Amino acid sequence: MLIASQLEPTYARTVYPCFDEPAMKATFNIRIIHDPSYVALSNMPAIDVSEMQDENGSLWTVTTFNTSLKMSTYLTAFVICDFDYVTRTERGNEIRIWARKEAVKNGYVDYALNITGPIFSFLEDLLNVSYPLPKTDLVALPDFGAGAMENWGLMTFQESSLMYLPSDKFTSRKAMIAIILSHELGHQACEMLKHFFFLFKWFGNLVTMNWWNDLWLNEGLASYFEYLGVTFVEPRLSLDKIFNDHVIQPILREDNEIGIRSLSESEDKIKGSFSLMSLFDSITYNKGASITWMLSGFLTEKLFIRALTSYLKEFSFSNANQDDLWTHIQMVVDAQDEIQLPASVKQIMDSWTCQNGFPVLTLNVTTGTISQEQFLNKKNENSTDPYNNTWIIPISWMRNGSSQPLMWLDKSSKVFPEMQVSESEYDWILLNVNLSGYYRVNYDQLNLIRLARLLENDPKVRLYFRFQLINDVFALTQFGYIHIETALELTKYLAREDELFIWNVVLLNLVPENLEGTLKNYEVYPLLKKYLLKRMLPIYHYYAGFIRQNVDALEDDYFAQVYLEKLFATACWLGLEDCLNLCSELYAKWMDNPAYKIPFLIRRPVCCYGVAVGSDKEWNFAWEMYNHTNSTKEDKDILLSAMSCAKESWLLYRYLQYGLSDTLFSSNCTSVIILHVVAKDIGHRIAWEFVTENW
């Protein structure tokens, strides 16, 4: 038995009578009566544990907690469990991590314990704000819908967000735990700066938004700080790389549909047209963090932190809206003369938070003209910009590799004479250096040809330069701003690209998500095979060498952990002989010794192509392993998919038959098996015949 609460946004009212609004802060006295074999936890430390008898003579434990600090109702919390914990003290704050007894005994929460204290201290020092509570409990719940929640003093997490198994060394889980922890702790100032994401949440706890329409002040700021915290405790992770890859690029791909809301909406609009739960989305988290990144960039981190510290101090234990934050930033800007802004902080930032979408800048290097328009899909006739939005845009830029002073575009177009280029083919311009701004850039043909030539001559030119160019040109192609040929010009150099981080962007844009369906991609497949394979060979062989000789050396390569699978799956899909042989070898090794572990990084493609290249013997082994009692859920998922990779139609037909059997599978596997088979070339027709026969 286990009870845990989740009261954000409006569920406190279902637990106790209250004015359940974030701005109505109060102190809380909590007492819980529970079975003596369980422990009760709440926001504050327990101050008294006594016994009482009910009318049937049964004994109950009464746990009384200290009076809470002044806080919002949605942050009150309680957990009743029979868990164990590990503990350490950081600057007088007792940190306890609770989990199922066997998980604690096996050391699965030790990593989280080791990083929580340092993240707290990092945030306290950075923001110059002390964590106001005497203790922090973090609880790993086997089943939890919210992912993680920053309740002040009692944070709750899904187990996977808090547990790091020693056998996980080849997964990206370590970094993800750090990110989530950092976010939740970030709330704790704001709750103390959500655990990375959650350790960053004192933003919501100390200073809470006036109402839910400014939720991004909680979540967006915490999402920004979580990445600072992650790179503090895991210094091998590059902040710029991980922030661009996890936050900025995913939201730029999403924030361009008509009808997507703006970051900050009016209360009336939300009450009229949104559910509160729908506000907990990627606009709030990722766009909020991206706008904060841009703001910190043009202010400098020093001024930004100074303004935040003053904002946190003034509004501690109360509420604020985004204008209060702009006021504090304006005060800091006015008190110095190094950074000059073209308009007030409120005017600049409202153009980003109160309008939906984001701009694309078009640069003409012959005239030096930059124009802006909302980035919308030109292939979609309905997507005209109804508002004629303009943004006040900070433009970081470089010419021929050397950084130039920041420029601002504050109207729909403007001429910058210093951005005109000469006749020399080595004279080029790059805007939005290091992706510091929340926008895309479209260059004229002349500049693009020069940038493509630069990549071919110097493939080691700055990492973000390559990352950004390739991201932007494919997005512009997809939305009808430029032709695909123009984008492909920039990929000619790829044979000398050794960063998986960049290759992932290329594969994301060129290779269909559903790899197996060559039938649906009959036109593009032979071209991709010819064009991409020869460029992939060097990076493929580089990583295949590690897989064959020393896979342990990749333990600290975060991007290998996240993206190597896609690279290998693509190489095998395109028919690379060495890739297919490597999968066969590793699969055969596993068949000879079932205790052998296929390297986690490429387990999925190895199992698929091991079955594909093999016969019924390989398929039967996968089936045997699927039914093995020691198989984890993850192993089972991989094998469920791998068994559909068989190239002999009778094996696929037998697999579909197995899928109908109640004794072999739970009923929810039937549709999963059909979906796996239908995605494969030879399985497509077989699955359809099978479904119609067995309707």
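Positions of Cβ are set from backbone N, Cα and C atoms, glycine also.
Taken verbatim from TrEMBL:
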ACT_SITE  Glu184  active site, proton acceptor
BINDING   His183, His187, Glu219  Zn(2+) binding site
DOMAIN    2-75  domain 'Aminopeptidase N-like N-terminal'
DOMAIN    111-352  domain 'Peptidase M1 membrane alanine aminopeptidase'
DOMAIN    428-695  domain 'ERAP1-like C-terminal'
SITE      Tyr285  site 'Transition state stabilizer'
Just to verify: the residue among Glu219, Tyr285 with the fewest other Cβ atoms within 10 Å, which of the recorded positions is it?
Tyr285
To the nearest whole angstrom, state the Cα distance for the pair Tyr285 (site 'Transition state stabilizer') and Glu219 (Zn(2+) binding site).
5
Please average pLDDT over the domain 'Aminopeptidase N-like N-terminal' (2-75) for the predicted structure.
95
